[in-house]
Every structure is written in structure tokens, then in C-alpha cells.
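This report refers to the structure that appears directly beneath it.
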Amino acid sequence: MDKSKVSTAVGGETPVGLITGSRDDELESGSMRTAETVLRLVPMAFCISALVLMLKNSQTNDFGTLSYSDLGAFRYLVHANGICAGYSLLSAIIVAMPRPSTMSRAWTFFFLDQVLTYVILAAAAVSVEALYLARKGDIAITWSAACVSFGGFCHKAITSAVITFIVVVCYALLSLVSSYKLFSRYGAPDVSYPGKGIEVAAFHS
């Protein structure tokens, strides 16, 4: 019998098939790495846009001057977007490096993605609350409707908050990706049948 046929029958795959499979795996991992890198760079652009827009948000008229720094919610939004922009750039560089992913690295990305998702979500939420008070006012806490006198300021703040919510969506997607990459490393649990000595996988990937 031909040796190539024997190897095919015994091993199930020829050497050519193994080489082709490994190349396909490399191409797939490379495309996944590129996609994740782009996904991590996209929120950085939005973070910088929201940050710069809010930093330049100031209006002066006959009623006085109103700046983003006068409101703690907007200061937090600036800081949160700055932190997320830096993390997005750093994580994109790390992901783009062609190195094998370890369990500790997967856990680190999972943890940081989750934390920063909630950080930027909180920034967007408190900014919306501040904008609501600025537009509607609150007599109980003697908060006047500032948007009546500072309409331009409020419009820029709304735009920055909307962009921040887009960042939240991006980070939610990143959290899903890092969760999948982490928990897909764990094998399926085995189900044992007592007395029969048979173990089967509960599910297959």
C-alpha cells in the first residue's frame, strides 16, 4: 500500500492538509486581530472628539460666563474620555502585536474592558442629568434653567454627551469580544454516567 494512503488512513489528514489548515488558522487569527485592533481604535477617535468639544465649551454673554469646568459632571466626562482614549490606544497596540494570547492577558483585557465600560457609561449618564437640570431647572434646589441664557453651551454639551454614548456602545462591544476570548478558552464540562464509566462532553464548540 502507498505510504501516503497509509498516513491518510491512520492520521486522517495528509501533511499537505495539515499545512493548509495551519495557514488557514493563521489567516483567521490575523484577521481577528486586525478587526479587534480597529474596534479598539474607533472609540479612541470618539473619546477625543467628545473631550475636545467639551474642553472648548464656554460661553460668555450679558448674563456672565459659563464653562464646562463649572459643572462637576462635565469635568468627569472630560477625564473619563481622556482615560478611555489612552486605554484604547494602548490596548490596540498590544492587540496588534503578533504574539500568542495568554490566560492572564485575556483576564486583564476582560477586567479592564468591563471597568472602563462602566466608567464611560457613568460619565454619559451624569452628563445627561446635568443637561436635564440645565434645560429644565429645579426650583427645589434653586437650580435655574441655564440653557435659556446659554443655548450655545448646552448644544455643545449635548453633542459631547451623545458622542460619549457612542463610546459606551463601542466599549460594550469590546466587553463582549474580550468575554468571548476569555471564556472560550475553558473547555466544556464533562458529564459522567455513574456505574457505566462513560463521560461525554455536555456541549461541543
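Each position is counted from 1, following the chain as shown.
Just so it is clear, glycine is given a Cβ too, placed from its N, Cα and C backbone atoms.
Note that the structure is a prediction, hence the values are computed from the model and not measured.
Under the topological domain names given by Swiss-Prot, R33 lies on the same membrane side as R99.
Sequence-distant contacts of the topological domain 'Cytoplasmic' (98-105) (same chain, at least 6 residues past either end, Cβ-Cβ under 8 Å): 30, 33, 181, 185. When Cβ-Cβ distances under 8 Å to the transmembrane segment (77-97) are tallied for each of 35-55, 106-126, 157-177, the top count falls to 35-55.
Secondary structure of the topological domain 'Extracellular' (56-76), assigned with DSSP and counted as helix (H, G, I), strand (E, B) and coil, comes to 8 helix, 8 strand, 5 coil. Each residue of the topological domain 'Cytoplasmic' (98-105) gets a DSSP state, and the totals for helix, strand and coil are 3 helix, 0 strand, 5 coil.
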